[in-house]
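A quick write-up on the structure given underneath.
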Amino acid sequence: MGYRVVVAGATGNVGREMLNILAERQFPVDEIAALASRKSLGTEVSFGDKTIKTQDLDTFDFTSWDMALFAIGSDATKIYAPKAAAAGCVVIDNSSLYRYDPEIPLIVPEVNPQAVHGYAKKNIIANPNCSTAQMVVALKPLHDRATIKRVVVSTYQSVSGAGKEGMDELWEQTKAVYNPTSDVPPKKFQKEIAFNVIPHIDVFMEDGSTKEEWKMVAETKKIVDPSIKVTATCVRVPVFVGHSEAINIEFEEFLDEDEARDILREAPGIMVIDKREPGGYVTPKECVGDFATFISRIRQDSTVENGLNLWCVSDNLRKGAALNAVQIAELLGREVLKKG
Ligand SMILES: NC(=O)c1ccc[n+]([C@@H]2O[C@H](COP(=O)([O-])OP(=O)(O)OC[C@H]3O[C@@H](n4cnc5c(N)ncnc54)[C@H](OP(=O)(O)O)[C@@H]3O)[C@@H](O)[C@H]2O)c1
């Protein structure tokens, strides 16, 4: 006996990946429902070798469905997640709406799987921000060995992190560079993203940081350890899929770069590609479609006490969103619902 699973946002970047990954990982599905807005009613989406038609989220009855993977943005989540949860369907949500609610677990299964048992308070589990998810997978095994004091991270985030519209904007603006008769002004992004980089993701906060940067701070504390200090600069780059991060870590204890490399090689969800030669590292293009978080350029930082630098790359639609949500579904199944 398997699960009755809902994917809400099935026509979107993340929702489509959720369907792919549920099929790829042979999640025990008895029945699947793909939901989107009314305008997409009947749109066909793939689930393994099957094609399914999307239904209207607004009229869907969640009664007797086991779990719902949501990827529809905070505004719609606010309306529909409580409805699903009240009907007894456990919501695994990708938006930022519930991430900071102390009664809702925020989970990266390689890092804090034990938090799953907190789902029952609201029948909702939150999935972290894409840039946080890949970073904490790398931080956790190092923190367990040498205790992290402070992290300085700069991100290089792909346009798919801003949904389908973000990808379309990069594509259209890139074409317009070669065909200057058409003008594609910035809409989804604040400035032109083609052949450019933009140091601004999400809204500005009072202290001058952006909400994306704040999310990395707050979520790392909730998932790994509240005592870790994080400072982030989040940047959008003209890459379609795959987020990259340059991470500088300061530890309580000395951690040798070779030992750090060995620890990361053994850690769940991580693939170390770290040869000190041209091309001996991973770039976002190479991580697309993969499950792993890739770590390269591991090296001592001698400018601070007990410092280490590394480069971290992952498919933001997978580990940063859909894969992590499916891993949470697997964890919920294994530890709590116990079907399949
Ligand atoms: N992309 C990432 O790297 C990433 C990472 C972590 C978290 N997330 C989060 O995941 C969510 C989805 O992101 P995305 O990149 O997949 O966006 P997207 O490509 O723009 O897709 C949005 C999806 O939500 C559906 N939707 C929007 N409003 C709806 C409504 N009122 N009722 C029903 N369906 C509605 C859309 O349906 P229609 O096609 O019918 O409009 C579409 O299926 C967001 O909360 C985002 O913050 C994204």
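Every residue, even glycine, has its Cβ placed from backbone N, Cα and C.
Automatic prediction, not curation, is the source of TrEMBL annotations.
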Open item on the list: Going by the NADP(+) site in TrEMBL, where THR11, GLY12, ASN13, VAL14, LYS39, SER40, SER160, GLY161, PRO180 are listed, which of the candidates ASN309, ASN316 is also part of it?
Closed with: ASN316
- [ ] Enter the number of other CB atoms within 10 angstroms of the CB of ARG99 (phosphate binding site).
- [x] 22
Task: Three-state secondary structure, which DSSP defines for HIS243 (active site, proton acceptor) - done: strand
TODO: Around the Cβ of THR11 (NADP(+) binding site), how many other Cβ atoms lie within 10 Å? Please give the count over every shown protein chain.
DONE: 20
Open item on the list: Can you break down the domain 'Semialdehyde dehydrogenase NAD-binding' (4-119) into helix, strand and coil residue counts using DSSP?
Closed with: 38 helix, 32 strand, 46 coil
TODO: Please check each of the recorded positions ASN13, LYS39, ARG99, CYS130, GLN157, PRO180 and report the ones with a CB atom less than 6 Å from an atom of ligand 1, ordered along the sequence.
DONE: ASN13, LYS39, CYS130
Open item on the list: Looking only at the domain 'Semialdehyde dehydrogenase NAD-binding' (4-119), what is the model's average confidence as pLDDT?
Closed with: 97
TODO: For SER160 (NADP(+) binding site), just give me the three-state DSSP call.
DONE: helix
